[in-house]
């Protein structure tokens, strides 16, 4: 077998009948709950320092009254709306052009499908690839004549 003795005794039981892995998990959970206020305090401090750095970068006075008032709109300032009519017109024209091109392509495909004769036997049993190849134009054999 193995020459080393295994050190994984977590599946074993103690004298009270509880699994050792359960006892370890309970002690880790107790430590986690005990340290929760410290983690929350550290997260709040990190949030506050990040906000102060951002306010400093924006050139806003870090005022405790404005930060705690809960009105972020005053700190952020007024929203701006940029109206570029030329861009909007070009965008609408492009969208209309694409829609009309797609509609024209679909109409052309329908007309082509109506004009090509379909064989009555097996028309419904063709797969999508076979149907696409049957609609494609057949190549015409040409003969090259050279005179010498």
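Glycine is treated like the rest: Cβ placed from N, Cα and C.
Those TrEMBL annotations? Automatic predictions, nothing curated.
Not measured: the values here are computed from a predicted model.
Annotated region 'Disordered' per TrEMBL: 1-20 (among others), in sequence order. Among residues of the same chain six or more beyond the region 'Disordered' (1-20), none has a C-beta under 8 A of the stretch's C-beta atoms.
For the domain 'SDE2-like' (1-103), residue counts in helix, strand and coil come to 67 helix, 2 strand, 34 coil, using DSSP. The feature domain 'SDE2-like' is assigned by TrEMBL to 1-103.
Look at TrEMBL and you will find 1-10 tagged as compositional bias 'Polar residues'.
Sequence annotations record features per position, and here TrEMBL assigns region 'Disordered' to 53-84 (among others).
Annotation source TrEMBL lists region 'Disordered' at 105-148 (among others).
The feature compositional bias 'Low complexity' is assigned by TrEMBL to 119-134.
Mean pLDDT, taken over the domain 'SDE2-like' (1-103), works out to 85 on the 0 to 100 scale.
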